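Per Swiss-Prot, the features are as follows:
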- 10-649: region 'Tandem atypical propeller in EMLs' (REGION)
- 56-93: repeat 'WD 1' (REPEAT)
- 97-144: repeat 'WD 2' (REPEAT)
- 151-192: repeat 'WD 3' (REPEAT)
- 195-234: repeat 'WD 4' (REPEAT)
- 241-280: repeat 'WD 5' (REPEAT)
- 285-323: repeat 'WD 6' (REPEAT)
- 369-406: repeat 'WD 7' (REPEAT)
- 410-447: repeat 'WD 8' (REPEAT)
- 452-489: repeat 'WD 9' (REPEAT)
- 495-535: repeat 'WD 10' (REPEAT)
- 564-602: repeat 'WD 11' (REPEAT)
- 609-648: repeat 'WD 12' (REPEAT)
Amino acid sequence: MSSFGAGKTKEVIFSVEDGSVKMFLRGRPVPMMIPDELAPTYSLDTRSELPSCRLKLEWVYGYRGRDCRANLYLLPTGEIVYFVASVAVLYSVEEQRQRHYLGHNDDIKCLAIHPDMVTIATGQVAGTTKEGKPLPPHVRIWDSVSLSTLHVLGLGVFDRAVCCVGFSKSNGGNLLCAVDESNDHMLSVWDWAKETKVVDVKCSNEAVLVATFHPTDPTVLITCGKSHIYFWTLEGGSLSKRQGLFEKHEKPKYVLCVTFLEGGDVVTGDSGGNLYVWGKGGNRITQAVLGAHDGGVFGLCALRDGTLVSGGGRDRRVVLWGSDYSKLQEVEVPEDFGPVRTVAEGHGDTLYVGTTRNSILQGSVHTGFSLLVQGHVEELWGLATHPSRAQFVTCGQDKLVHLWSSDSHQPLWSRIIEDPARSAGFHPSGSVLAVGTVTGRWLLLDTETHDLVAIHTDGNEQISVVSFSPDGAYLAVGSHDNLVYVYTVDQGGRKVSRLGKCSGHSSFITHLDWAQDSSCFVTNSGDYEILYWDPATCKQITSADAVRNMEWATATCVLGFGVFGIWSEGADGTDINAVARSHDGKLLASADDFGKVHLFSYPCCQPRALSHKYGGHSSHVTNVAFLWDDSMALTTGGKDTSVLQWRVV
C-alpha cells in the first residue's frame, strides 16, 4: 500500500494486490480498477503531463438580453459588440467572425462605448473563486481593436455588481459614470484615465436601470429606474440632483430607457408604454406620446437623420417616430424572438435589436427582422455532438432543442418541447436524437426533419442521461429515480422497446458510458458509486475482472480510473458536472461549478493532474463534448445560458 497526499484523509490509496486505486469524496471511498496493462508500472507519484493541445475560444452562442439593457452597439470596424456570461463579444456579421474580450472573471452586466468609438467600458458582478475568496465587482476599460485592458476601476469600491456605466460625450469623454447594486445604488463619477474617483453619491433606494451623460453638456447626467428619473449636475466635485416632475402625467412604475435628440430634448420610455419628452435643460415634460407601446418601452435609439426608434416589450413592436413624434413606420418582431430589449443603429437603415429571449436580430422597420444570434433563455444541461457531422444539439430548462452547425454557427432547426430538457444523445447513425426531460418523459426526434419519432415515460423524475450503444442496438435511459431503463433499438433508432431496468444504485444516475463493443455499460450516481451492467439481462456485473480491461467508447463518467485526476484536493463530489474524452483518446475536458473548463491529458489517472484552465462561462459549466473530428470542444453554461465553442489548437 502507498498513500498520496498529506491531507486530512489519505486522498488516494493505491493497492497493488487488488490492482485498484481508492479516492475519497466527502470521506466516502470510491474504488477504481486499474487495467492490467497499466498495473505493473503504475505509481501515484508519477507526474502527470500537461496536454500538448490547448483550447482557444472560437465562438460564443447567446446574448444577455433577459435582464440587461443598452448592451448592443455597432462599432466602426463593422462589428457589433454585446456580452453574455463573462465574455464581451465583437461579432463581424459580414465576415462571420467573432473576437472576444476575456478580461472579466464573472458575469458582465453593462457596457458603454466611448465617443472615440474604440474604447469600451464593461462592468461586472461580484464573484467568488473556487477557494471561496471574493472577486470584487469592477469596471474594465479596454481597447476594442487590440482587446488590451487599459484600466480597471473600482476594486473594493463597488458593492454586489456594477449595473450601469456611461462615458461623458462632450469633453473628450474623459469621465465615466457608474452605478452599483448596493442598497443605496451609489452613483460614482471617475476620471477613468487616471483611475481616480471624482465623486460619489447615493442615487436611489430603488433599482437604477440607466446612467448616462448628456451629449453636449458634460456637467449633466441622467439616471432613471424604478419610479424615478433624476437630472444630476456635476459642479466643483459634487453632484446635485433634481427630480423629474411628472405633474399631470401618470408617474410610471419604471422609467426604462432614455435617449437624446439633436435639438437637446431628452426622451424617456417607461413601463406604462409612454414616451415623455423633457425640454432642453429642464426637468419637466414638454410633450408626451401616451400609449406609444402596449406594455413597456424597453429601448430607445436616436437615429442619425433625427428620427427616433422605440422598441416595445409586450407588443414586440419596433416603431419609427418623426422629429415631431408622429409615427412614421412600425414592424412587429416575431413572437419566438421575444420582447425587444434594446435597439442599435447600423449602416444605412439597418437596425440591430436585442431581445429579452436572448436573441439578436438584424433588419429595418421597412423590411422586418431576421435572426442573427440565437440564444437559450434558461439553464442549459443537455449537449450532444453528431457522430459524423460538424453539428451539435443543445437543450435546457427553456424547453428549446436546437440543432446547431458548428461551421455556420447558426441553428439548423429549433424545436419547442413540452417539458424542460436535461439530456441528449445521438443514435450512431446520426439520424435520430434522444432528448431526456425533467419529468421522466423522453423523446426521439428525427435529426433531418426534427419531427417527433416517439415519446416515452420512465418514472416521474429527471432523465439525467440518454445514451445509445455504439452498435446502435440499445438505448440506456438514466433517471433520478436511481434506475437505468434499457431499450432495444431497431430501424436506425426509430423503433425502441423496453427490455428492462437496472436496479442497484442507491442514489440518482448522473453519468453513463458504453463499452466499445456494446457488451456492457458503466454508471455513476449521486453518492459516488460506480456500477457495471449487462444490457442484455439488465443485471449488475459484480466481477471486477469481467470489466477491468474493458475499452470504453466514451468517457463521460466523472468517476473512474481513467479520469480521477480531474478531482482537486478536498473536492466535493458535485464540483465537476461533466467530462468528455476526445475521440482520439488523447484529451479530457472537464466542466466545473466555478465557471471553468479544464483540459487534461488522457488517461488522467494521477492524483490532481495538471491542466490548462479556461474562463468564459460565469456560473457553473454544465456540460462538455468534443465534435466528431476533435477539431472543437463545446461547453454549456448553467445560469449564463451560453454555449461556448473552443478550437482545439
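Backbone N, Cα and C define each Cβ position, glycine as well.
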Examine the repeat 'WD 1' (56-93) against the repeat 'WD 12' (609-648) and state whether at least 3 Cβ pairs sit under 8 A, considering only residue pairs 6 or more apart.
yes
Beyond the flanks of the repeat 'WD 10' (495-535) by at least 6 residues, Cβ under 8 Å
25-26, 28, 30-32, 444, 454, 456, 458, 461-462, 464-465, 467, 469-471, 473-476, 478-489, 541, 546-547, 550-560, 573, 578
Recorded stretch, among 97-144, 285-323, 410-447, 452-489, maximising Cβ pairs under 8 Å relative to the repeat 'WD 12' (609-648)
97-144
Tally of DSSP helical, extended and coil residues in the repeat 'WD 12' (609-648):
0 helix, 21 strand, 19 coil
Dominant neighbour of the repeat 'WD 2' (97-144) in 369-406, 410-447, 452-489, 564-602, by Cβ pairs under 8 Å:
564-602
